[in-house]
Every structure is written in structure tokens, then in C-alpha cells.
Amino acid sequence: MARETDKRPSVIRSIDWWTICIYIALLTFGWISVCGASYTYGDTDIFSLSTRSGMQLVWIGTSVCIGFVLVMLDDRFYDTFSYIIYGTLLLLLFATIFNPHEIKGSRSWLVLGSLRLQPAEFAKFATALALAKFMSTFGYSIHKLKDFAITMAIVFTPMVFIILQKETGSALVYLAFFLVFYREGMTGSVLFTGVAAVIYFVIGIRFEQIPLLDTPTSAGKFTVLLLIQLFSIAMVLIYCRNKALAWKMFFCCMTATAIFLLFSIYVIPFDIVWIQLVTSAILIGWLLWEGLGSRIRNYYLIVLFALGSMAFFYSADHVLNNVLEIHQRTRINVLLGLDDDLARGGYNVHQSMIAIGSGGIEGKGFLNGTQTKLKFVPEQDTDFIFCTVGEEEGFIGSAGVLLLFLALILRLIHLAERQPYRFGRVYGYSVLSIFLFHVFINVGMVLGLTPVIGIPLPFFSYGGSSLWGFTFLLFIFLRIDAGRNLIRK
Amino acid sequence: MKDFGLENRKYVIAGVAVAIVAIYIVRLFTLQIMSDDYKRNADSNAFFKKIEFPSRGIISDRNGKLMVYNQPAYDIMVVMNEEKGHLDTTEFCNALNISKEFFIKRMDAIKAAPGYSRFTQQLFMSQLSDKDFSIFQEKMFKFPGFYIQKRSIRQYQYPYAAHILGDMAEVSPADIEEDDYYQPGDFIGKLGVERKYEKVLRGEKGVQILLRDARGRIKDRYQNGAFDRRPVPGKNLTLSIDLKLQALGEYLMNGKIGSIVAIEPATGEVLCMVSSPTYDPRIMTGRQRGKNHRMLNLNPWKPLLNRSIMGQYPPGSTFKTTQALTYLSEGIITPSTPFSCNHGFYHRGLHVGCHGHGSPLALTSALTTSCNGYFCWGLYYMIGNRRKYHSPQEAMNTWRDYMVSMGFGYKLGIDLPGEKRGLIPNAEFYDKAYKGSWNGLTIISISIGQGEVNLTPLQIANLGATIANRGYYYTPHVVRKIQGMPLDTAYTTRHYTKAPEWTYRQVVEGMRGAVLKGTCRAANRADYAVCGKTGTAENRGQDHSVFMGFAPMENPKIAIAVYVENGGFGAEYGVPIGALMMEQYINGKLDDNSRKKAEDFHDRTIFYGKGDR
């Protein structure tokens, strides 16, 4: 060992040991959770290869080996071969669409003898590499239409292939790359529009049937239209830097709304949404007038935002009821608290919340959870693994795990920012964005806060493909990061 | 290359990550620490509380003869997930002797039931008899997914006393609402002693706490049964009913509508309680219960009605005893006060008929001959007595107080469900009915047990017991002993009436006379002294035949009331049936002569027409 260290002193010294410590800590907790989740009574040997805990140990061992190999490779390797790796994985993804083996309604598994692999898990790091490579080419700008189009193509091609494998959940992970684009200069309003869309959807659907203050107005519609107006006016303030105009618009809209709201409450009840539509139309006309007068393009973009928001909101209801499939609609209704049928769609989430809630402060102890042990929670050692953490390790353990993930992400931001080249930075942000998205969706769905989208919790969920995939993702970045000093030399 | 404006965006991204984790930790905090709901939910989720049913108490008669006991029955359970598509339906239906349509209907009903799970056992058919079960069991290996669950059902040793014993049926949602001890599918006493003594008979359910998984499969016992509870068996009951007497009563009442109630005066124990028509309690067990219950319900003679405590009848002349007690106690008459009676009561154009006997006559003779005129005069003088009472109202309510003290007008409080209170009018009742203008003549018929007065046969029998005791009674009850538990003190306290003992002696004299030389001569016997009083209660159709009496005269062992609807004169049915019953109880058997007479009465039926009763 000492000799090897001598041969490559700089890699071992310059690799980020903090990240490796967090990685090992997460693997350890992950394995303990898989033990808890897959353990059944009377089955004492958690190391036996016939159990999932034993198998997970094999995956962990191989992952560590893969990590070691990845770190030992030359860092220029990834830069050089990124397009080739990406192309190979795309071919593999494409081939998998025609895979005859269907497991749980999904074609994403490639069966090689006794080994089953999910190419989608490996496509993430390949896409990240290709993206890093392309975005680090000389003269690249995300504002150039051609560059932007190619960037989008790099992300959406694997996404479409994965959707065709009927793995919508894994495909959604690719939305995480928008966080990278944001860091690399994409205007923040794109992200904001996305967030706003989610807000419209949740508020609009959740409160659609609830009347506003005894008037025949839908509280959901009222709030969403109010938000659209407020967002538009805020954009005038931020992007057009016209404070006076923004205040004027704010004053007019709010006064009109307030007067008619009071009229509706105390005089003649009527649907105030009509008034809001009228004020919105006036607002849009006003913005267009300002745009014509000042020739500032941003006014038109705000008009586009307002119109798009309204179109989105009014079509969302239609999409929910007529376009989405039943199980997807059920999941959304459950999430919004509109469907209480626990035996049907709400079962998983309800059971997982029971399991977590029963953990208390300190948890029931390793292998002592009744909920997960008795298989109340479906997919409890894969997508719903966080339940076991919550039940057996309690608040202390589960909050600890979340903080560990936060530490990993913050550390990766730090590492990404210290990269001398765009290649390393883009790749680093890709890695941390993917981790963030997984933690956000996976833990959120277990806690009943986000929709049930079947994606694994990194380093926790049982399974070789996902563990290997995350290891590839992380260790390639660690190798690139370790090379930052070597190159400078 | 570095764009410092863009580099600041790392704070936005880090902020998003921190915000997400912070929100999730707050959520964890509310789920795990703030709220107890999820913990409770988890308990009921993972713990399967397996109920262990206690054995229900058995019921025997006063001599220890077993009347009601438990017998194993078999429920057929199905686990749909295991059954799916593997069943030879034709063979299955043949084995259970059911139709294919029933099978399909039943399976659909199970699937539609709330709380249905295809992984757990669902009830397919309940309470198979031994015979049906043995046929099915032989072929059971061919029917995967079907299981047998053993439970016990009530069995009746004899076809008698259906109204007293009552029956059991599955709990209704209302029962569960009332007492959360019950769960759907449990059985509860619905009528009679089974219902009244439900809490004593049922015992206490036990529970085994088992761990199970989300598919309902049992995995293990929780902490090796440390929290399990053993079932507590129900307590056995000894009835005060004399089975032989009850059987004879039901035998004699064959073909007649009416009731016989006998009470042991010294204790208030009900020796027999016959309500006719009756039914065989054995048809009310098992799967045919519903069908038979419907059938009995549709019967125009209403066999489900326990006429002994639910029938409210005019007591007729048996009521004259209570009048004698009241007039004597109030000083309206003395034992030697004579009243005249010339074939009835004539006064101011009112006429109450009577039959031929000597006149004028004193109290005991009036009772012996059952003179209407005498008691009409008594009431007339009582209501009209302005020296003693300020108003007819006051006189009326004094009269009412006597009646209530004798156990009339309110429920006696027997330990059976559904008892009726009868009717004893008071001053307000008549004020309302006659708008305040009434006097002794208006209401004269209540003095001879007609008019507004209504009693249950149990109240008439209790009157007999009170006279036999010379002035007090115990609340009648049908349960004599509860295993390991004292009887409710309500059944061991004496209730004294408002009439003193000496007035009762006069009435006993009169009743003895009625047996020796009056209307009850047929009840006279050489081996013990019988006292009795007939009644012939007028009503829309043929008169009701009534008898109330007790024997022996000193240290009475039995007091009895016989009520035969439309039986004519009291002497026609009431007296002979009462005599046979008393003989059976006092001698333990009937002599040859009486047995022949009993057979004769068994065969006599009264034609009631087809109308509802």
C-alpha cells in the first residue's frame, strides 16, 4: 500500500476525504436500514447471501471497489471519453425499450444471467459527463439558441428513452439538470416559472371546491389569479426596474379586487373571479402599452408569463381529470388530501407515515420496528426505505440522515465551486442536483409531502444498479476534483 | 472565465437544499414527536387482537334440569385470494346443499362488504349443523381457500318455555352502538332471560395479541402472550320455573289463546309462565332462525308475544278481591255490612246485571257468589263519601293508591324484557275523559274489573300471591340463582300493600267459600284447601275465562292466574285448568282422574276466527 501511495501521492492526498467519510457513513446507515426493512422473524443471519441484507453487503463491497477503480483512473479519461460513454449508454437505453423482460410493469431492467441491471441508473452520470463536456466547449453560451437546443437535447434524449421504458419516475430525475443550467447562467425566471406552475396547480386543485368567505367564489381560483397578478407585478419591479409603474399596478389591482370582494360579501354575492379576469386583462393591456412605449422586451415576456400562467392553470384541471391515468390522478388527489381512501391510493403513504410516526424520538431500535418488519409498508427496502429509518432510529436517526445528505450536498457545492474549469463545475453541479432531487422526492413522498414517484434514496434503497450508479456519479466527480491540483502543476 | 454574478447563485442552490432539509425535519418533528395518533395507529395496525369467546352460561330449571346449553356449530370461512379460480363450483354447492345462484350471490356480497380483504377469512356460511358439517368436511380438501371456524350455538333440551328462555341472534348495529363490547358477528340475547341476563350469561371475552403483517397473516404472539387475557366463562342460571309444571301448562293451553302464571308466594319466584300460542325454542337456533322468526311474526295469533307480561286484559271478577280490601281498609264497609242485589245493581237508571243468589248479603258471601251488585255499591259509596273525601277526585286517587300498592298500573319489574304496565285510571284520567263531569256511577264498572282497568296475567297472579301472603308480595322473578352471585335485592324485598292483614283474612275467607260452595267448586279437593276466585271478563266477543287462586290455604305453596281468551265463564276453562296446575305442583303429579281431565282439556280448542289477535 505504501508503495502505491508513493506512486500516486497527489491523488490520495488531494482527494476530498470529507466526501468519502460522508459516503461511508451513508452506506453504513443504508445497510442497517436494509437489514431492518428486509428482516423477517425467525431469520437471524443478516449476512447470509440469501437475504437482501447479505446481498446489499455484496453491492456495497463492489461499489467501494468501483469507487477505488474510478479514482485510480486518469482524470483526463472522463473528459476525453464523455461523448463515447454517453453514446454507449444512449444505445443501451434505446435497446432496453425493446427489452422483453417486464418487471412490475417496467421494461427498464436488463437481465444478464442472474444479474439484473437498470441502464437508467448509469445514464445519469453519462448524461452529466456529456453535458459537462458540451457546456465547457469554448464560446458556449446558454443564451445562444443553438447551444441551448443542443443542451436540451442532451438532457431530453435519455429522458424520452426512459419514459418509453415506462419508468416515468426515473425520467423526472433529469429535471434536476435545470438547477445546473441555472448555475450556468439560465435566467432564474425559468426556474421561477416552474415553481409557480407547481404552486398554481397545488393551490388551484386543492381549494377549488372551497368557497371564499361566503361568496360563490372558488377560493382556489381566486388565490391563483391573485398570485398571477402579484407575480407579474413583482416581475415588473425586478426585470423592468420600474418601481413607480409596479406600485401603480399593484394599487389598481388590489383596490379593484378588494372593493368587489367587499361588495360580494356584504351586498350581492357573485363570483369575483370574473372581476379578476377583467383586471388581469387590463393589466396585460397595460403591460403591452408600456412595452410598445418603452420598447423593452421584458414587458412582452411578462405578458407571456401572465398569459401562460393562466392558460396553464385553466388547462391543469382538464389535464388532471381527462389526460392523466387513474393511478396518477389518485396519487395527486391523495397528496392534495382530496382522496382519503386508505385502502386504495393512499395506502402506501398512510402506512409509511404511521411507521415513521410510531418511531418517536429515539425509535424502536435496530430490527425492532413492527410496521416495517410486518411488511405493512410496500417497497419498504427500496423506495420506502426511509420509513425504516424513521421507525427504528426515531427522530434523532432520521433527522441525522437528512443532515448527512445536506452535508454531502453542501460539500459538493463547495467542491464544484473550486473547480478551475467549467467541465468540473458543471459535472459537480449535475451530481449534487441529482442527489438533491432524489432526496427531495424520495423523503418527501415518504413524509406525504411530494407525490409518490418511484425513485430510490441514494445509498439507502436496496439494489445494485442504483448503488453502483450513484457511486459512479460521485467518484467520477471526486476524481475530477482530485485532479484540479495536478493539472495546475 | 469566472462570472462572479453567477457564482452567487451557489447560495441560492445551497439555500434550496437547506430549506428542503429544514422543512423535512420540521415534518419529522410533527410526525414523530408532536403527534400520538400515528403511534396508536401503528399498534392497531400491527397487533391482531384475536378474540377468544367465553362459553355462555347454561340455564336449568328450579330442580336442576338442564334446559339450555351450548353446542358446537361450524362456520365456513373463505379466503378469496386462495380460492380464486380453483373451485369446482358444482361439487362445492352439492357438498353444502346450496344452489349455484346462492353461491354466486353470497360471494358477490362478501366482496361488496365494507372492510373486505381478499387475504383474510370471510364468513361464507354460518352455523352449520353437525350433520351438514360432516358431509362438507369429507370433501373439504377439494376446496382450497375454504376453512372451518368452530363456534358454539345455543341448544334447548325441551320444547317448552320459549318465551321465558328467549333466544340469541347476531348483534345489530344498534346493539354495537349501545355497548362497545360487541363486534359485528357477535351473538347477543334478543328475548327473554337470554336478553335480560345477557351480561351475566355472556362472560368476558378473552384476547390474544398477535403480530401480523400487512396481508393479515399471523406472524407471532406479542411478547409471548404477556398481554393476553383469558376469557371468563359466563355464569350459569337456575330458573325458578318448574319444568313439569310449565310443560303441563303448555299442554293444557293447546288450542287456546291465553296465559298461565304461577308464583311461589313466599319468594315471588315464578313457577311457570305459559303464553299460548307458543313455539318450540329449538327452531330459533342456527341458520333457520331468520326464516322461522319471520314465519312466527306473520302468524295472526302472534306466538312471539309473551301474553303473560305483554297481554293487558280486563281482570273481571278476580278484581273484586282488591275492591273488598280497599273498602274494608277505608272503612266504607265492615265485614258485616249488607248490600242488596236483585239480579244486579240498579240506581238512577243505571243497571249492572248479576246472577241469582240470596240478597241482601255480606262481604264473604258476596265474594263467594261473585256478586256484582255488592261491589258496585261499595265503589258508589266510596266515591260519593263526602265526609271522608273532599271530592270524587280525592276518593278516586285514594282508590288508585290502593291499586298501585298492590302492583297494578305500573310494571312489576319482572326480570324479563317487554313487560307492560296495564292500566289503572286515576282522577285526572276521568277528568279528561268526561271533561270533569263524572261520579261513582260513571265509573262503576271498574269495581268489577271491567271498564278502563287492565292487568297483565302476571299482575293477576301476583294478586293471588299477595292474598296468599295476607298483604305483601315479592317482585316476581324467573331467575332463582345466579352462579356465584347474589340475586338483585329488588327480588328479595317485601312490598306491603296499603290494605292491612285483617282485610286480607276476610278476602281469603271469601275465596275459600268460592271453592267450597261458590263459583270455583270444581277446584275443591280433599287433600289440601284451595282458595280461588273466578272471573268472566266481558269484551267485544265471547267472554274471557279467568281464574285466580292459591293453595293450600295455610302456608300457600302456589298462587296462580289462568286467563283463557274467549273461554266463556271463569268456571269453564279457568277453574279446571288452575286446579290441575295446582295439583301438579303440590302433589308433584296428577292422579288418574286428573290426567284424563288434562287430556280432555288438551284436546279442547276454541275457535277464534281468522282475524288478527
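The backbone N, Cα and C atoms fix where each Cβ goes, and this holds for glycine too.
Look at TrEMBL and you will find A:17-41, A:53-71, A:83-101, A:148-164, A:171-202, A:222-240, A:247-268, A:274-292, A:299-316, A:395-414, A:426-447, A:459-480 tagged as transmembrane segment.
Here the transmembrane segment (A:17-41) sits apart from the transmembrane segment (A:83-101); fewer than 3 CB pairs are under 8 Å, leaving out pairs fewer than 6 apart in sequence.
Sequence-distant neighbours of the transmembrane segment (A:426-447) (same chain, 6+ residues past either end, Cβ-Cβ under 8 Å): 78, 124-125, 127-129, 131-132, 135-136, 172-173, 175-177, 179-180, 183-184, 349, 352-353, 356, 383-384, 386-387, 390, 402, 405, 408-409, 412-413, 415-416, 419, 453, 455-458, 461, 470, 473-474, 476-477, 480-481. Between the transmembrane segment (A:222-240) and the transmembrane segment (A:299-316), three or more CB pairs separated by 6 or more residues in sequence fall under 8 Å, so the two stretches touch. Packing against the transmembrane segment (A:171-202) from elsewhere in the chain are residues 120, 124, 127-128, 131, 135, 141-143, 151, 155-156, 158-160, 162-163, 224, 227-228, 231, 235, 239, 301, 305, 308-309, 312-313, 316, 336, 422, 425-426, 429-430, 433-434, 436-438, 441, 453, 455: each is 6 or more residues past its ends and has a CB under 8 Å from a CB in it. Counting only same-chain residues 6+ beyond the ends of the transmembrane segment (A:83-101), those with a CB under 8 A from a CB of the stretch are 107-111, 119-120, 122-123, 126-127, 129-130, 133, 154, 157-158, 161-162, 164-165.
Residues of the same chain lying 6 or more positions beyond the ends of the transmembrane segment (A:274-292) and with a Cβ under 8 Å from any Cβ of it are 222, 225-226, 228-229, 232-233, 236, 240, 242, 245, 249, 252-253, 256-257, 260, 299-300, 302-303, 306-307, 310. Sequence-distant contacts of the transmembrane segment (A:395-414) (same chain, six or more residues past either end, CB-CB distance under 8 Å): 16, 18-19, 22-23, 25-26, 29, 356, 359-363, 386, 389, 428-429, 431-432, 435-436, 439, 443, 458, 460, 477.
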